[in-house]
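Participant: Below: one structure in structure tokens.
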Amino acid sequence: MVNDMIETIEYFAQAQPDFPVYDCLGERRSYGQLKEDSDSIAALIESLKLGEKSPVLVFGAQSYDMLASFVALTKTGHAYIPVDVHSAPERVLSIIEIAQPSLIIAIEELPVSIDAIRVVSLAEIEAAKAAKAAFTMTSPVKGDDNYYIIFTSGTTGQPKGVQISHANLLSFTNWMIEDAEFAIPERPQMLAQPPYSFDLSVMYWAPTLALGGTLFALPKEMVSDFKRLFSTIAELPIGIWTSTPSFADMAMLNDDFCQEKMPRLTHFYFDGEELTVSTARKLFERFPDARIINAYGPTEATVALSAISITKDMIETYTRLPIGYPKPDSPTYIIDEAGNALEPGQQGEIIVTGPAVSKGYLNNPEKTAEAFFTFNGMPAYHTGDLGSFTEDNVLLYGGRLDFQIKYAGYRIELEDVSQQLNQSPLVESAVAVPRYNKEHKVQNLLAYVVLKDGVREQFARDLDITKAIKASVKDHMMAYMMPSKFIYREKLPLTPNGKIDIKFLINEVNHQ
């Protein structure tokens, strides 16, 4: 059992100083180096006299210096806000505006100009490591202090910063390293694929650091080169794979992604989106002896609230795979619209309670009050997901209650996509609509668009209009949010209340 994340990392720095904590294509860093480097960076941070417990934004990819900076910030009592190098400039600015960080550590060059906040460059981080300054922890992150803050998308187009405390993190980490479903080995050798800005990353780094294992990362240049990416992954000595199911689907396009070629790979941990029967079946065909874990949970409940080991019998029995047994310390309920707990077999909203529930959204009391509450005397969160329990206390997923979806592993709010499209000077009104496949998984995003007067006459083809709209919004819209197909209409259907009838459009798209 882990009682303190930093003390555990420090323990391994003493017990196994030469054991690799990080490996990027053979470029290794040991636990001893992580302690030395994080101490040096912590000394630099402490010298800046930042506000007590103020959050710090860290911008970069899957590099070792990101990890060392996170550990350093925890040692100095600051929560870190991981922002991925592939983030759109407008999103970076929005996060900075909302979070008001006291410092920005730019492991990669920032895509925006910042004057009002001190920015520490990679060169300064390298200089700090070279100086090998001593550091003594006096006020590290503890208890209810924020450990990290991860930004998700918001319904108004504004991202929301989910505050995860040290206590939240320990609740998740101890469940994962002790639970029989995960069956995680000592010194796990984990693939570090999801970006640190995606809370699925916590599923690989937290148990790995808690058990003295190794993180296998890939350089940022490889992320967009899928052929090279997956051929490289097939050569890594990883034992545990953590990703969205969609990423595994892409990996299976490579014939070398199989048990024969990757005999060390024995565990698959999935979260972030629904694991379909077809993906699980294909994976068992490639890795017949593998342990496949289907986990479920929102960022607001610290990564996951339930998990289950998928069996071959389940694949033949269920049309939609179960999402697991709830964490023992996190009572999970199904409630009706009046807030009453329902019996097994009855479908309603999934709510989670207990020590893994976040304190809320950073600097956003209104959204916090909407989603977080108290249930049976415990902190609770409305997931917005439909679900039910079996008689054996297994949680079943029934889809989204609202128009928030999971697509390509990312949680996307359709209103967010629509709001971004409506910023185009070519668009009068637009609405994003998901198309589902037969396994209830979002297959792609479509956009229904009404053009501004005179726009259509400027283009020869609809394809050219689509290219122009995409070009006009690309600087403030994440690539994964961009619809793959645009449908042009003279007007959009309305509800009796005068709102765009999104349900009608969803039904139209999925029954063509």
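Every residue number used here counts from 1 along the chain in the order it is shown.
For all residues, glycine too, the Cβ spot is worked out from N, Cα and C.
When I checked Swiss-Prot for this same protein, it listed these features:
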type: BINDING; residues: Thr152, Ser153, Asn294, Ala295, Tyr296, Gly297, Pro298, Thr299, Asp385, Tyr397, Gly398, Gly399, Arg400, Lys499; note: ATP binding site
type: BINDING; residues: Asp199, Val303, Lys499; note: D-alanine binding site
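Quick one: how deep are these features, and who are their neighbours?
Facilitator: According to DSSP, Pro298 (ATP binding site) is assigned to coil rather than to any helix or strand. Contacts of Pro298 (ATP binding site) defined by a Cβ separation under 8 A and a same-chain sequence distance of 6+ are given as Leu305, Val352, Tyr381, Thr383, Asp385, Arg411, in order along the sequence.
Spatially close to Val303 (D-alanine binding site) yet at least six residues away along the chain are Phe172, Asp199, Leu200, Val202, Met203, Asp271, Ala295, Gly297, judged by Cβ distances under 8 angstroms.
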Participant: Counting other Cβ atoms within 10 Å of each Cβ, which of the binding-site residues Asp199, Asp385 scores lowest?
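Facilitator: Each of the binding-site residues Asp199, Asp385 was scored by Cβ atoms within 10 Å; lowest is Asp385.
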Participant: According to DSSP, does Gly398 (ATP binding site) fall in a helix, a strand, or coil?
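Facilitator: Its secondary structure by DSSP: strand.
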Participant: Of all the binding-site residues here, Thr152, Asn294, which one's CB has the most other CB atoms within 10 A?
Facilitator: Asn294
Participant: Quick one: what's DSSP say for Thr152 (ATP binding site), helix, strand or coil?
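Facilitator: Note: Thr152 (ATP binding site) is in a strand by DSSP.
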